[in-house]
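Taken from TrEMBL, the feature transmembrane segment applies to 12-33, 53-74, 86-106, 126-145, 157-180, 200-220, 227-247, 253-273, 285-305, 317-339.
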Amino acid sequence: MPVTGPPPRPATTYRTDLVTALLSGWFTVGLLLDAWAHNNVPELETFFTPWHAVFYWGFVATAAWIGWTCRGALRSGRPDLSAVPAGYRPAVFAVAGFAVAGIADFSWHSAFGIEQDIDILFSPSHLGLAAAMLVIITTPLRAAWAAPGLPAAGLRPLLPAVLSVAFASTLVLLFLQYANAFSYVAGDIVFGLSNVNEDWTAELVSAILVTNLVLVVPLLALARRWVLPPGAATVLYAFAAVLSAAVSGFANTALVVGLAGAGVVVDLLAAWLRPGPERPARVRVFAALTPLVVWTVYLVVAYVASGDTGTTGVIELYTGLPVVQSLLSLLIAMLLTAARPAVVVPTR
């Protein structure tokens, strides 16, 4: 008898995934507002704030939409996970996990107060919220990844997945904001690259390394599944720029504008190279060139915006920093695009 696999999972429509992505955007914007408040409102001493309201109502709206999308799983009168649309099953569990973490967050704040420093990024309840939120907002990405075939070329067919990746990267960068190179002001960057202070310079270059991973790896992940659509980098970098501006009280405007501009240049690279799963060599070239663009723009903008153009920087730092990020990204691209070894079937 022929062996048949399990029946295919239900699939969502483009419009359904786009609504999921847009509601996830509300959810993410609420988080950005809350991050701004924690960094810039010192008198914040209550759980019940306008920013928490935007954040948690964003969750409620997103959760309600996911529930409506998965309503077919309850038609038999009891939950049928096989009837949950492809990519949405993890979100169902994450919604429940987020609700539990939200209750834990309220209890934590009631017992220990409101965090206003780096400790906010290590609160157990916040980490639980972040983990569940990451699963929820990447739902459109999973749905697109599970869809058979390839969509039409361009940004629009992949917009829900691209937005999903941008929101997820923003969330990751938020919880790594102590290592976000775009949260520095221009003068501090120039100082760190002009005076080799082991502590300050090491902190800055370490932040550049971490931020580089957050900006490059999501694009390489998209290129593993599809031809990277031009526009993806601009969307991703725009959200990263908004986050970086919010947590720094908009003291780094020139740097975040430079980041958004670098996204446009990276998209021109993507349009030229068309990196995708069938072009691993081009993915690697793209991975090597993208950091050169981003961090060259970063250093030039910081130097000009600092107003201290008479300062002589350490030439090895200014020239070597983009190269180090380029080599690191190339290494990651080589790992992501490595060919799988052929499966050898032993003969008797």
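Heads up, the Cβ atoms here are built off N, Cα and C, so glycines get one too.
Just so you know, TrEMBL annotations are computer predictions that nobody has curated.
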Intrachain residues whose Cβ lies under 8 Å of the transmembrane segment (317-339), provided they are six or more past its termini:
193, 196, 201, 205, 208-209, 212-213, 216-217, 220-221, 224, 280, 283-284, 286-292, 294-296, 299
Please check if the transmembrane segment (126-145) comes into contact with the transmembrane segment (12-33), where contact means 3 or more CB pairs closer than 8 Å and the residues in each pair are separated by 6 or more positions.
yes
Might you confirm whether the transmembrane segment (157-180) is in contact with the transmembrane segment (285-305), defined here as three or more C-beta pairs under 8 A between residues 6 or more apart in sequence?
no
List, by number or range, the same-chain residues at least 6 past the transmembrane segment (253-273) whose CB is under 8 A from its CB atoms?
182, 184-186, 189, 219, 228-238, 240-242, 244-245, 279, 282, 285-286, 289-290, 293-294, 297-298, 300-302, 304-305
